[in-house]
Amino acid sequence: MSRGDMAKPLLDHRSMEGDRSITPAAGRTIGVLGSGDFARSLAIRLVCSGFKVVVGSRNPKRKAGLFPSAAEVTFQADVVKKTDIIFVAVFREHYSTLCDLADVLVGKILVDVSNNTEINHHKESNAEYLASLFPACTVVKGFNVISAWTLQSGARDGNKQVPICSNNQEAKRTVAEIAQVMGFTPVDMGCMSSACEIENIPLRLLPAWKIPIFLALGLFLCFFTYNLIRQVIHPYIREQKNKLYKIPIEVVNTTLPCVAYVMLSLVYLPGVLAACSQLYYGTKYRRFPDWLDQWLQHRKQIGLLSFFCAALHAVYSFCLPMRRSHRYQLIETAVKQAVEKKMNIWVEEEVWRMEIYISVGIIALGLLSLLAITSLPSIANSLNWREFSFIQSTLGFIALVISTLHTLTYGWSRAFDENQYKFYLPPTYTLTLLVPCTVILAKVIFNLPCIRHRLLRIRRGWEKGRYVKFVLPSATGEYSSGETSSNV
């Protein structure tokens, strides 16, 4: 594809704005066939956007009170006669009830907004089926990914895209113009063959979250098993002590920060790998491997799951003193100290360690909260590129560094205590430090002037091994051209 083709917008805004013969979208009369929840929300949004709306119902007298007073509620046949653009807000199984209006529907634009109950439930999409029933009409698929609530509230909650497809460019452009006036962003998905894919979009359950969720669950199971061996199985085998009561709270609370910490480092690790690839090949135009590309696209979800685990860890930690087992342990410790006649149990080092540990943890959680909030579309859309990049990149890396300090403060000198190695297994926090410390070290190396300058040149288009032309003056004063490699 040429560079000019890549620069073209998905929708031909030039033809929409330049052709003065086209009637402006606002002020048109739009028809809606159907009287369900979606039809009512659609009518409300159209009226609020400045359209004249005519609603078709099989029982208009009973349904009139459900629609705004500015919308005219009448019989379906009257709607077809009064409008040229009609939203078909009925289920697929009720399409056949419109066949009596086939003669009147000739030349009309039908916007199919229906969805199925299952992915690929039928061999053909609903829009293609509607087009087969009314071959003299122009069918446009669209608005099926928008909920009734979003229609009523508009696009204020974020960027609401409306995928649109049709075999007729003029009809598709008209519906796109209506969507824009309603406050949504139309996305041209091509011809009618894309209708099946558009109808499957609302039926997919968190498609961008599957890999991050499985990753988080995998890390949780690994760390949970590791902590279970150290905190429950080891005391039972070596000392014959029953520590099963630790599983619901203590073992889980030890596992959650490990998952949150590693997941946060996995947000910034693919950026490190991408930078290494660009430095190695000396270009930014070489495509990343598919696994790295997918990893880069899932960073937002991984970061939000990291915040979720960190928030749960904070709640669990807050509830630790409320446990009955903790109260028993306090009483037991007090009795032992009384028997041994210990009057002063103050340990200065432990006091400072816990104070720093908790303080740094609160700061890390606060930064993670800021990252999570700014990743929401409604907040992100209010930030410019530099602000968003500063929060997600710079503050995110600072959050990773502070989380590392939080972990190191928790460990303190325990890594050198042989009693901490249960079954010769190192403490859990030492395992979690591997990936984050690698990321931090790589970031420090990339910020060295020589490497940072080279990486910046690559990201601005410089390529290793690319030849550039130069001009040199000759002895006679004339200029001669030559070539040299750009990496010289």
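Glycine too: its Cβ is placed from the backbone N, Cα and C atoms.
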Of the ranges 83-105, 428-450, the one TrEMBL annotates as transmembrane segment is 428-450
Match it up for me: which of 31-51, 388-408 does TrEMBL list as transmembrane segment?
388-408
Same-chain residues at least 6 beyond the ends of the transmembrane segment (428-450) with a Cβ under 8 Å from one of its Cβ atoms are 223, 226-227, 230, 254-255, 257-258, 261-262, 264-266, 268-269, 272, 275-276, 397, 400-401, 403-404, 407-408, 410-411, 415
Between the transmembrane segment (259-281) and the stretches 211-229, 302-323, 356-376, 388-408, work out which stretch tops the count of Cβ pairs under 8 Å.
302-323
Take the transmembrane segment (356-376) and find every residue of the same chain, 6 or more past its ends, with a Cβ under 8 Å from one of its Cβ atoms.
158, 260, 264, 300, 303-304, 306-307, 310-311, 314, 383, 388, 391-392, 395-396, 398-399, 402-403, 405-406, 409-410
Segment confidence, the domain 'Pyrroline-5-carboxylate reductase catalytic N-terminal' (29-116), expressed as mean pLDDT:
93
How about long-range neighbours of the transmembrane segment (302-323): same chain, 6 or more residues beyond its ends, C-beta under 8 Å?
212-213, 215-216, 220, 249-250, 252-253, 256-257, 259-261, 263-264, 266-267, 361, 364-365, 368-369, 371-372, 375, 396
Which residue counts does DSSP yield for the domain 'Ferric oxidoreductase' (259-401) in the helix, strand and coil classes, in that order?
119 helix, 0 strand, 24 coil
